[in-house]
Amino acid sequence: MAAAGAGPGPGVSAGPGPGAAASATTAEDRETEPVAAGAGEGPSAAPGAEPSSGEAESGDANLVDVSGLETESSNGKDTLEGTGDTSEVMDTQAGSVDEENGRQLGEVELQCGICTKWFTADTFGIDTSSCLPFMTNYSFHCNVCHHSGNTYFLRKQANLKEMCLSALANLTWQSRTQDEHPKTMFSKDKDIIPFIDKYWECMTTRQRPGKMTWPNNIVKTMSKERDVFLVKEHPDPGSKDPEEDYPKFGLLDQDLSNIGPAYDNQKQSSAVSASGNLNGGIAAGSSGKGRGAKRKQQDGGTTGTTKKARSDPLFSAQRLPPHGYPLEHPFNKDGYRYILAEPDPHAPDPEKLELDCWAGKPIPGDLYRACLYERVLLALHDRAPQLKISDDRLTVVGEKGYSMVRASHGVRKGAWYFEITVDEMPPDTAARLGWSQPLGNLQAPLGYDKFSYSWRSKKGTKFHQSIGKHYSSGYGQGDVLGFYINLPEDTETAKSLPDTYKDKALIKFKSYLYFEEKDFVDKAEKSLKQTPHSEIIFYKNGVNQGVAYRDIFEGVYFPAISLYKSCTVSINFGPSFKYPPKDLTYHPMSDMGWGAVVEHTLADVLYHVETEVDGRRSPPWEP
């Protein structure tokens, strides 16, 4: 392998990626301190070299001239005076091109700027001692696409946005492969800054600054680039997380295969538009959860279109984190419940908001709908704030007295099943697990009121309306518990569609809109009626413990967990279970993900038809 110019740039000890030890760069690459990229800046501001047959570098006619290559600096775009050690140009002979379409995430991969195929660096024998997985600051052409028939690799200077993106991608990948419960959010001081400091020379050709001002700059960069990074500035109220762990940052798009370099040629641009490639950022509209996620994507969208969409007062909804719910949100408490809202694409005449008669008036709820995530997870808002939910929303840790969390989706008819594994149950801790209706008290144990039914770890007692009865032996750490419910399909609840919430008030919290619903607990309790032929059954390590309850109260039931002190449990909504029941037929709770989307969409459409919203010519408060 022959290297062009003065030789390779910043060197590190042998070994690719995070295993390499950093060393100092050359004097030609020194800068006083890095500056955060401006709004909208990213890898696209550092264009890749486009070699041509007419370009040549002194000493080798087959190597490209990189003396005019542009790169990011604190003063914007500057032209390098020479190749020096500020970049690496490698031109190597390779026997064949990797034709595999599969990715090797976690390895140093390179994307060809012409054919857009991905290759591992080992395919061409490229020295990766100064490289990291998920890097974006390079230009690469495979030996088939390059005019010389050799492989072209140029390592460029990275701006802070690219460095933060690479750091978070590597931290996310490490957590996925090493942690039992992978994280998606990482502490600025404990995770991100130490990672960048350790691998600075692997992440950029820029000289490590003498002044320690770059940590503040990376925080500003990630806080500003909300189309790429998630930001959580403070722990949830009542959380045990120490305040010094915050702010925390994560990637908005958790698909790490979307991370790649930014090439200027049109072929790469079109490929990025189609695939939603991060290219140092996230393509506008490529992510976003909820029922309208796919519809929001603009095929062949342009920057002008994106800006226009953002200025729209109705459809300027914020993009959601990977798990489908805002990091900072209102909690269901004090007699009020909050349902995340998104623009309803089927609502007629959304332009009416621009009329003068709507100035200063609340946005009508019929223009929005409940925002549903297609996966069943533990609810972030429908829980006691002191409970700690894992990043994947499948594990919960208790805190002090009994408190409860419900799942994001509930069932109104049919037979359903889910599992819970007791991960940790220290002495003097306990759990009550089972099913709850939406009005079940979150600051009380499951089974406290008429709206919930539970199974306690101690002595296996079952609870409903705070009345405990012997049911089975208890359970503890390591046990896998199953929860089955069967609701008849001939009840009024079963035949009804879910609430559209369109008649509820819309409130704004941290840039997101929510429907606000008042709880009428006393009225709901008086209207409860038993449902014949309904039943709840619990399982312990695959063994049926018998029918716990029959003829339960009619309603919509959610999987629910209540914990006493620092007990930790994980929930599995399916479709694969460790101990699937063999004596019953059922649907896994995971099926309710798309099932709820269908039900709510039908309810929304019927609402528009039945209320004749299209014919409304004035606000509802006007005659």
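Cβ atoms are placed via backbone N, Cα and C, with glycine included.
Of the residues Ser13, Ser74, Ser96, Ser175, Swiss-Prot records the annotation phosphoserine for Ser96. Taking Swiss-Prot as the reference, the stretch among 112-145, 350-383 described by the feature zinc finger is residues 112-145. When the compositional bias 'Basic and acidic residues' (230-247) is classified with DSSP, helix, strand and coil residues number 3 helix, 3 strand, 12 coil. Secondary structure of the zinc finger (112-145) per DSSP (helix as H, G, I; strand as E, B; remaining residues coil): 4 helix, 7 strand, 23 coil. Remote same-chain residues near the compositional bias 'Basic and acidic residues' (230-247) are listed as 184-185, 187-190, 219, 222-223, 321, 327-328, 331, 384-386, 388, 399 (criterion: CB distance under 8 Å, separation of at least six residues from the stretch ends). The average pLDDT for the region 'DNA-binding' (63-172) in the predicted structure is 67.
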